[in-house]
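These notes concern the structure reproduced below.
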Amino acid sequence: WIMGHMVNAIAQIDEFVNLGANSIETDVSFDSSANPEYTYHGVPCDCGGTCTKWEHFNEFLKGLRKATTPGDSKYHEKLVLVVFDLKTGSLYDNQASDAGKKLAKSLLQNYWNNGNNGGRAYIVLSIPNLAHYKLITGFKEALTSEGHPELMDKVGYDFSGNDDIGDVANAYKKAGVTGHVWQSDGITNCLLRGLDRVRKAVANRDSSSGYINKVYYWTVDKRQSTRDALDAGVDGIMTNYPDVIADVLNESAYKAKFRIASYDDNPWETFKN
């Protein structure tokens, strides 16, 4: 999965997919009542990234729905996964469940079209703080009470705080999560980060007792760091330059081993070689 980073304006969806992304990451900010409000990152952000683009969250969802609904004039067949980077740092811990409920209702109405031929992309809820695990339970409760528990089949999870792998496993246990787990690891592209924790995550993914289904690394903009991440065995790379990742995947060393994921590749299944 080539994951376009900080795609917060509807116009950027076309831009990133046309550069080779089959997945996008979108920032979601919340108001003081835990309503998802804007798709907005804000400063500071990555070196060379554009961090001031934004939309109202529900408007962004409508644009995203068009981009992922077959038959729509804006449809991109390649766009199969969306990571919502949930900026829950502005919330009190006891608001996490409410944030999850409100997020689910927004998605149900504006993205899934109330379960009636809505957008088809898989969705990852990426949460920066393990203490906010109730966002997941609130999300699930809301979809169930709205009569659409089947949409949870399209939803996966990520804790993005680079926490100890054992602590992450524990948070999932508390949230009642037993699958659909992506594990991110990374740092802003302005800084260097080793691949030690990525290797631990990959080892967990590949062990029979692990909780992780997919591992992605962020934010990678250079060819050599792309090669290093692929050599470590990641499933996804988040980038400001999807074309760079696509180029490296075309190199002979990687062409035989990796391919770009399509809609038929289940993002919740661990890839077995």
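Including glycine, each Cβ sits where the backbone N, Cα and C put it.
Counted within 10 Å of its Cβ, the other Cβ atoms near HIS5 (active site) come to 27, all protein chains included. The annotation active site is assigned in Swiss-Prot to HIS5.
All protein chains shown were included, and the count of other CB atoms within 10 Å of the CB of HIS41 (active site, nucleophile) stands at 25. What Swiss-Prot lists as active site, nucleophile is HIS41, and the listing cites similarity to another entry.
Sequence-distant neighbours of ASP85 (Mg(2+) binding site) (same chain, six or more apart, CB under 8 Å from its CB) are GLU25, THR26, ASP27, VAL28, SER126, PRO128, SER160, listed in sequence order. Annotation note: ASP85 (Mg(2+) binding site) sits in a strand segment as assigned by DSSP. What Swiss-Prot records for GLU25, ASP27, ASP85 is Mg(2+) binding site.
For the recorded site, CYS51 (disulfide bond), the DSSP three-state label reads coil. For CYS51 (disulfide bond), the number of other Cβ atoms no farther than 10 Å from its own Cβ, over all displayed protein chains, is 15. Residues or ranges marked as disulfide bond by Swiss-Prot: CYS45-CYS51 (among others).
Residue density at CYS47 (disulfide bond): 12 other Cβ atoms are found within 10 A of its Cβ, drawing on all protein chains shown. What Swiss-Prot lists as disulfide bond is CYS47-CYS190 (among others), and the listing cites similarity to another entry.
The secondary structure of ASN250 (N-linked glycosylation site), as reduced to three states from DSSP, is coil rather than helix or strand. Feature annotation from Swiss-Prot assigns N-linked glycosylation site to ASN250.
Here is what falls inside 10 Å of the CA of CYS45 (disulfide bond) among the recorded positions HIS5, CYS190, ASN250: CYS190.
For the Mg(2+) site, the Cβ centre of GLU25, ASP27, ASP85 serves as reference, and the other residues of the chain with Cβ at most 8 Å from it are HIS5, MET6, VAL7, ASN8, THR26, VAL28, HIS41, VAL83, PHE84, LYS87, SER126. Residues near CYS190 (disulfide bond) in space but far in sequence (CB under 8 A, at least 6 apart, same chain), listed by position: ASP46, CYS47. Comparing the Cα of ASN250 (N-linked glycosylation site) with the Cα of every entry in HIS5, HIS41, CYS51, these being the recorded positions, the smallest distance points to HIS5.
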